[in-house]
Amino acid sequence: MTNDILERLSALETNTIFDALDFLELQGATYGLRPLWDCPKIVGRASTILLGPKAEGSPPTVHLITPVIDSITADDRVLVIAGGVEGISSWGDIIANASKVEGIRGTIIDGMSRDIDGSRDIGYPVFGRGVTMISARNRLCIQELRSKAKFFEKTHLVPTLDASASIVKSDNYIDQSLHEELQAAFAKLKLEQKDDPDWHPRSNDMVQNLVHPSLFPLVYGRSRVFREEVVGVEDAIDRWSGKGEVIPKYQKPSSDKQRYYGTGIGGDQVDDSYWSENYQWLPSNVAFQEDGSVKFTSYINGLHPIKHREIYGTIEKLIEKALPAWDFCLACRRDHRMVGSCRIQPRFGMPDNPDDNNDANWTVALEDVPIRAKDESSDESMNDDERQFEDWKKIREPIQPEAPEFKAWDYGTKPGESLRERFRDIQVIVKMASIELTPDKPSFPAGG
């Protein structure tokens, strides 16, 4: 089709062309398509794309439409996208920008688009059946939320961070009775410490530490320890206080060659940077009981075991309640593989070449960015290549990976994998802090 024919066609209305095709008994109309913004008429040769399921083994960073856009070298092309799914978008701002750069005249979608404001802003015509916020990636998110909702119905836990590490939360996990016990414990400690509150550093006197492991840590070269005996709860003060031998200064063995691959999530080693050569927080031993409860078998550092016996009982109930959440979040490495109740496999495959300088990862290739002339009035010292590279960084957008097929993760602790089944006891570090709001300080920043 020559440019002359395209120019002649551009002077005609769509209805006229359809009448001519109908007269020749040729099918040439698709119903229900409309301009998705007040865009001009487009005429051009069609580059047609049939959407379908993502092929197994195809690069995860390549959008289905991107290779077609990259292959177009003429300026008389119109993208025609067939096979769209009802309610799911197959077009958006990022690929509209890439198409505009390649000189494509517009896009016709047998389906839905999203982000239409961006196409309008750059003057890129888009025709389709409608606009939706749902993309294939959105659909994947919705399916995953439904899966998590089913897990919440069974456990009252919601996985929030759900990747190589996990966090769960809940707004109704702790019953009212335990809430009231915790409130009473905090009120008692605050009353006892009201004359000399321990405000957390840099908290603007809004976070009061009631029990904090840094208040009375183990100090190498000063603290007294026992080599064999275990300091219990009831006898911690009267029998053991002030006794034992001074622990020596910490000295890292010269032969300690750490295997750094074992220091990641679920690894069996702790990176040296996490250890202090001066101090160490002191954990408490917590034993699992046959009736399903837990019991402190050593005192909580900073909480008097006799004076606050009822607070010990309250914290034991809280730990018992928290165990299923801990089971979910704690993964371990076993036989060179991750084991746990949380997600231990990625949703997306690894990209072939994730380097920022890889053109295939961006909507605009570096070579397609025009070289800007040097501004002689400025003191700019960059050469042509450097200016082109800097301009490329400003206009490029990352190509998002195609959404994979949704596979619901089998949340939940498997038989034999819970902390209670794997261990007789665990060690827990206890911290109790209260955020204090006043009329002068009515709010506290999240994460502060």
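Using the three backbone atoms N, Cα and C, a Cβ is placed for every residue, glycine included.
All annotation found in TrEMBL is predicted automatically rather than curated by experts.
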From Arg77, Arg105, Arg114, the one annotated by TrEMBL with Gly92, Asp93, Ile94, Ile95 for substrate: Arg114
Within the predicted model, mean pLDDT of the domain 'DUF4246' (140-447): 86
Integer Å distance between the CA atoms belonging to Asp115 (Mg(2+) binding site) and Gly92 (substrate binding site): 5
Candidates Asp93, Ile94, Ile95 (binding-site residues) - the one closest to Asp115 (Mg(2+) binding site) by CA: Asp93
Number of other Cβ atoms within 10 Å of the Cβ of Ile94 (substrate binding site) across all protein chains: 19
